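The active site, proton donor/acceptor feature in TrEMBL is assigned to B:TYR140. If you look up TrEMBL, you'll see B:LYS170 marked as active site, schiff-base intermediate with substrate. TrEMBL lists B:ILE213 with the feature pyruvate binding site.
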Protein chains: 2
Amino acid sequence: MSGSKLRGVLSPVLTPFNADYSVSETRFLKHCKSLLEQNVGLAVFGTNSEANSLSVEEKIRLLDLLIDAGVPGDRLMPGTGCCALTDSIALTRHAVQRGCAGVLMLPPFYYKGVSDEGLFRNYAAIIDAVADERLRIYLYHIPPVSQVGISLALIERLLKAYPGTIAGVKDSSGDWSNTKAMLDTFQPEGFDVFAGSETFLLQTLRNGGAGCITATGNVNPAAISQLYATWQQDDADAQQAQLDAVRKAFQAHPMIAAMKHAIAWQSGDESWKTMRPPLQELSQEQAGKLESDLSALSFKIRNAAALSGL
Amino acid sequence: MSGSKLRGVLSPVLTPFNADYSVSETRFLKHCKSLLEQNVGLAVFGTNSEANSLSVEEKIRLLDLLIDAGVPGDRLMPGTGCCALTDSIALTRHAVQRGCAGVLMLPPFYYKGVSDEGLFRNYAAIIDAVADERLRIYLYHIPPVSQVGISLALIERLLKAYPGTIAGVKDSSGDWSNTKAMLDTFQPEGFDVFAGSETFLLQTLRNGGAGCITATGNVNPAAISQLYATWQQDDADAQQAQLDAVRKAFQAHPMIAAMKHAIAWQSGDESWKTMRPPLQELSQEQAGKLESDLSALSFKIRNAAALSGL
């Protein structure tokens, strides 16, 4: 296993559902292939994948679907951190055994105010139980949603206890000073820091970081991966500004519903709008604003027709 | 199925673990039997059960263990609300099929700021999928931990859509004015309001409520169920004050660890201290204070020796 192919741009892949809330495997596979063709890696089962609305069994089935369809493991960084230690172990073990280059791991997020000692024990118990030297863990820091975060002190302790296995972090704190501290402290040791969105992509790369793992990668993959490939060129700031404008149109709404709406709209496949409860689709008013904002930017999802499951 | 046996005092049953973090089924069964003998019903898989650190598979196995051992379904109110809709359906279906009189259901708690519409769809999808007229759902409102709550408007809508199935609520908001509003608005319709701890037991009963579902029921079951049985007697306020004093000693610490410590201490079985990550046992200092506070109250866990797994 080489960590190198996981650098760059990855996306928490949207999970399409059928009307009865079951996963639409056909649309999922099409979407994954489209992202790979646009140089975006697959951080399947992330927050924007509605992954915490999926059972471990459903995630294992989807992972198998991708790998059996020939998706290379070295482009896969599935989310495997669950509330229950036993779920995290089962899912992580499966991901490693199926050849995934890394896993993105939330801390257990039900109990609040837990100690770094308790979180350390959680990660240690998973690593010890999986007991596979191929395991590469990317820690997932997203306190606005999980309410349980990954402190710098915890990263330091984990890196010391499990060098090689603790491979990096996705920082979705939205706080650049935290990302910068991670970059300054840990990136020089080969610990890969990913920005939690393309908003900080250029800044992250200029500070030696590994790339970004971003929701918007689902709808704007080529342009984001283009900035990653050409960030040292003169037009990098202009590219970043263009990415920001597109993101702003989506971010004005609940992101997952907005991205699904855009795909439904541009692919002509209404099913793409379906959200599994407790999340819900955009209101008509939100949808109208999104469509008009994207039109004003002349924004098109590339190869949108290929995402239709019809 | 009759809801009546679920009135009174129930406890989110502590889950004992072995040193390798696997569930100690022997200790679990002993503890459940001891609670039943003291007139406390089994709200297994609650917050204080570390239930969100258990997989659905583990919960199904424990539920089967109890029922196969002869625990009556009409004393069982397992927690079955998970993040993933599919998990909630699977666990709820199993509980109903095995004869549990009711289930206590958290809202999906990963995604924050979700709408009542989204939460309604979640409960509706579970009820429609389980499709069993024996199903009785007690809604679990615990915003300090889950961060996602059950509003009065949501209860009203669910009661209207699923009368008979929506059976009651556990209010762990810690906010008496909220419990009072639930009692005033919904209890007259036969919707059973349970206080989230014995702190509000007497007040809840005086306002027509159904009882309480309380962590401390794990360690002080007989005294709490005694107040439920005799709340109209002259000494009720004195009984409540005594319960409050005991609770205060536990509540000075992380509750689950404190209760497990007390059982380990008084049963002589150190294994009871084990917590599954991300939670952890009391520090030596906390343990010393708890033991001295409980000694000052002359507090003893009744039949503690029977809880030893040694």
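Heads up, the Cβ atoms here are built off N, Cα and C, so glycines get one too.
Distribution of TrEMBL features across the structure.
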residue  : record                                               : DSSP class
B:TYR140 : active site, proton donor/acceptor                   : strand
B:LYS170 : active site, schiff-base intermediate with substrate : strand
B:ILE213 : pyruvate binding site                                : strand
Worksheet, complete the sentence: Here the Cα-Cα span from the residue listed as 'pyruvate binding site' to B:LYS170 (active site, schiff-base intermediate with substrate), rounded to a whole number of angstrom, reaches 7
Worksheet item: To the nearest whole angstrom, what is the C-alpha distance linking B:TYR140 (active site, proton donor/acceptor) and the residue listed as 'active site, schiff-base intermediate with substrate'?
Response: 5
Discussion item. For each of B:TYR140, B:LYS170, count the other CB atoms within 10 A of its CB; which of these active-site residues has the top count?
Written reply: B:LYS170
Response to the item:
So the residue listed as 'pyruvate binding site', by the Cβ count within 10 Å over all chains shown, scores 32
